[in-house]
Amino acid sequence: MSLFGRLRTVVLLAAMMVVMVVKASQDYGDALTKSILFFEGQRSGKLPSRQRMTWRKDSALKDGFQIGVDLVGGYYDAGDNVKFNFPMAFSTTMLAWSVLEFGKDMGADLPRALDAIRWGTDYFLKATSIPGFVFAQVGEPYGDHNCWERPEDMDTPRNPYAVSKQFPGSEVSAEIAAALAASSMVFKHVDLEYSARLLKRARMVFEFAETYRGSYNDALGPWVCPFYCDFSGYEDELIWGATWLFKATTDPTYSNYVVENVHKLEKSVMRNVNGLAYSSVGGSFAEFGWDSKNAGINVLASKHATTLSFLLVVYSRYLKQANRVVHCNNVVASPARLVQVAKGQVDYILGSNPLNMSYMVGYGKKFPQRIHHRGSSLPSVGQHPKQIGCKDGSVYFNSSNPNPNMLTGAVVGGPDIKDSYEDSRVDFVQSEPTTYINAPFVGVLAYFKSHPWS
């Protein structure tokens, strides 16, 4: 069976194993608005006057200054105060892909989605501004994770970490190239000059990633691991970056690169286990997320339901346009069936589940109150102007009180396999939100906003 055939089989099997809860429809428009608003709560740097999540204030205004580089801006990845550029770039790519696929369904939320993308790309232009270097991270994660501080007055080290010709990091560089290329397409009809700037930088960064091959695990392992180690190798990011560059440019150089290298990737990481395709470095070839792009390469599913739902909807659209279905033994999955599975996952997240609770903060009547998030769980600067030190925040971390600041739109890690959820900020696996959970959810919510009865 071909690579694409195996992908379809694995995606279909994953879809069939998803728990379906489709009885209740949700207010997808409200969820979409809130899912985009979440990114304002993750902003680092000088906040704009139009900031809607007003309990957040300026933070990390001197990032990079100690080495003479402006690295102010970007996003905090989750509930901590470190800027991890690898997952940040993936989140930006997924936001851009969401707009490219479903921007016409976003209505009044589209300008805010563009703001969210630009907040990421403005930062990545800074992070790739020095030839021969790509900044991969700002902040010392061990020091940061040892404290419970607001980003506005944190005093943990803000060391910048970069990959280079001598110490390469192809995965983070190629992911940033993908984010810049995808975003250039988003802004092509909005800000042509900015779009061209993004595309030019995407080409340069991809060339750097391809020319100086190597894993950022080797270059920056003590600082990026175990937080965002790359477990799947950097080849998938290189193909992912080339795919987006081809979509943005139609340059056959990139399409040829994808065709030539995707088969090498398949041979290097695939092995068969009980008739199903699995990666020799761990996980499925149909996995897709900040670390693995295999399924995403072929759809142009996931470790988290938001990303799986996004890919199912996108794939169903491609099948419908080609007037095709997915065959898996005696089972036939039509585009409508894939959308139905995605809708079941979305509705589950929004409240159609055994606990009758939404896993999106601020959506519905019942939602997580004690999420694992420093800024949300500590008093805001407006309410408590005095600095809250590293260990002084522990009293808030260990408190059973609800978070004082609502991180509206944040989708948490969610329940365990038994549909049990403990609303505790101590349990970061269940209660911590991330940008890369929300980013693909933006697109799928936009789709269901326009197609609520799909």
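Placement of Cβ uses the backbone N, Cα and C atoms for every residue, glycine included.
According to TrEMBL, the signal peptide annotation covers 1-24.
Feature annotation from TrEMBL assigns domain 'Glycoside hydrolase family 9' to 28-306.
Of all the Cβ atoms in the protein chains shown, 24 others lie within 10 Å of the Cβ of H372 (active site). In the three-state DSSP scheme, H372 (active site) falls into the coil class. Positions annotated as active site by TrEMBL: H372 (among others).
The active site annotation in TrEMBL covers D423 (among others). The Cβ neighbour count for D423 (active site), using a 10 Å radius over every protein chain in view, is 17.
Look at TrEMBL and you will find E432 (among others) tagged as active site. According to its DSSP assignment, E432 (active site) is coil.
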CB neighbours within 10 A of E432 (active site), counting all protein chains shown, number 19
In whole Å, how far is H372 (active site) from E432 (active site) when you measure between their Cα atoms?
5
